[in-house]
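Visitor: Feature annotation from TrEMBL assigns domain 'D-isomer specific 2-hydroxyacid dehydrogenase catalytic' to 71-368. As annotated by TrEMBL, substrate binding site applies to Ile131, Asn155. The domain 'D-isomer specific 2-hydroxyacid dehydrogenase NAD-binding' feature in TrEMBL is assigned to 165-343. According to TrEMBL, the feature NAD(+) binding site maps to Arg210, Ile211, Asp230, Pro265, Leu266, Thr267, Glu268, Lys269, Asn291, Asp317, His341, Ile342, Ser343, Gly344. As annotated by TrEMBL, site 'Important for catalytic activity' applies to Arg293, His341.
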Amino acid sequence: MAMRRVISSAVKTVTANSARSSSFSSPFTRNLHDSSASKKIVGVFYKANEYASMNPNFVGCVEGSLGIREWLESQGHEYIVTDDKDGPDSELEKHISDLHVLITTPFHPAYVTAERIKKAKKLELLLTAGIGSDHIDLKAAAAAGLTVAEVTGSNVVSVAEDELMRILILVRNFLPGYHQASNGEWNVAGIAYRAYDLEGKTIGTVGAGRIGKLLLQRLKPFNCNLLYHDRIRMDPDMESQTGAKYEEDLVNMLGKCDVVVMNTPLTEKTKGMINKEMISKMKKGVLIVNNARGALMDTQAVVDACSSGHIAGYSGDVWYPQPAPKDHPWRYMPNQAMTPHISGTTIDAQLRYAAGVKEMLDNHFKGEDFAPQHYIVKEGQLAPQYR
């Protein structure tokens, strides 16, 4: 009961935090589903194992199943949850042909390829429990007339806070000190030679959507020089609130920054955008934080720049692919402060995106539209940021 009350409360939070409106226009409309029929819903989440029982609000895992199993099954729907998502013999693959709804997350993404979409003859709806639907072939989904949606706004605070933490970890050269303390060492010089104040530094965000704006607002009290590059300029009031200056030319902005933060969606255009050439335009000793998507970066170019010292520190929680293989080079490059994909799946965020998923499933079963900001693909059209 306690979990249901918290999720119910989180529905209101998601609705309140999702203020953006998106416009979709399409030459056709499809109604793929019978709202009265029983549905087969498959959820793909990470497995919590022994941690599942340690927090009753840990709903974003296989064991927690978003806290919606009882609700779905009480309405006659079938709900299958797994973490086994890759390959022809995976549990997900067994259900592709007859599932109606697939729920995935960016933290343990089920890669929904054009081939899988072609096999999914009964598929109606692809839901992302969180933000970011680049693990789905969106063009194939649009061509198939599917709806793709995510819980916009659900983990904006979580990711922005994490980005601020990573900036401070890199600027203050925190990790060597932590390692010294853990290893029984004491060498102040080995930390202090590359530890700085955040005040007065130039921080630039590549992308200034919800997360980027919130990060800029969080950074303002630190008295930094704040810059942003985005396809859409903020309105003057928001620029005043953040204290950030718009940089139309990305290369020009990168050359000014002590810290670069990636906050742009992964699209065909942005994939690999930070490559060897772009890194060469940055200051020697630049710090980079990337909680957006790992594939925005040229993997080897980042390794090489960290090894040469051109990048003095790289921190993020996103990799490509995910989960990252044991031999992923970012695990072993110098000056990294990487973690698994965690920033957007705090307990608070889980409750918000679980509530958002439940709300959209309820809309779907009733044949009702979602709040417009949640749509990534609707009636054959992609959301503007993915076009």
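The first residue you see is number 1, and the count goes up from there.
Glycine too: its Cβ is placed from the backbone N, Cα and C atoms.
Small disclaimer: the values here were computed from a predicted structure and weren't measured.
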Visitor: Across the listed NAD(+)-binding residues, Arg210, Ile211, Asp230, Pro265, Leu266, Thr267, Glu268, Lys269, Asn291, Asp317, His341, Ile342, Ser343, Gly344, what is the farthest Cα to Cα distance, given in whole Å?
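Guide: It comes out at 25 Å between the most distant Cα atoms.
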Visitor: Cα within 10 Å of Arg293 (site 'Important for catalytic activity') is the criterion; apply it to the binding-site residues Ile131, Asp230, Leu266, Glu268 and give the hits in sequence order.
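Guide: Matched binding-site residues: Leu266, sequence order.
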Visitor: Applying a 10 Å Cβ distance cut-off over all chains shown, what neighbour count does Arg210 (NAD(+) binding site) have?
Guide: 22
Visitor: List the Cα distance (Å, whole number) between Leu266 (NAD(+) binding site) and Asn155 (substrate binding site).
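Guide: Between the alpha carbons of Leu266 (NAD(+) binding site) and Asn155 (substrate binding site) there are 17 Å.
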Visitor: Measuring Cα to Cα, how far is His341 (NAD(+) binding site) from Asn155 (substrate binding site) in Å?
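Guide: Between the Cα atoms of His341 (NAD(+) binding site) and Asn155 (substrate binding site), the distance comes to 13 Å.
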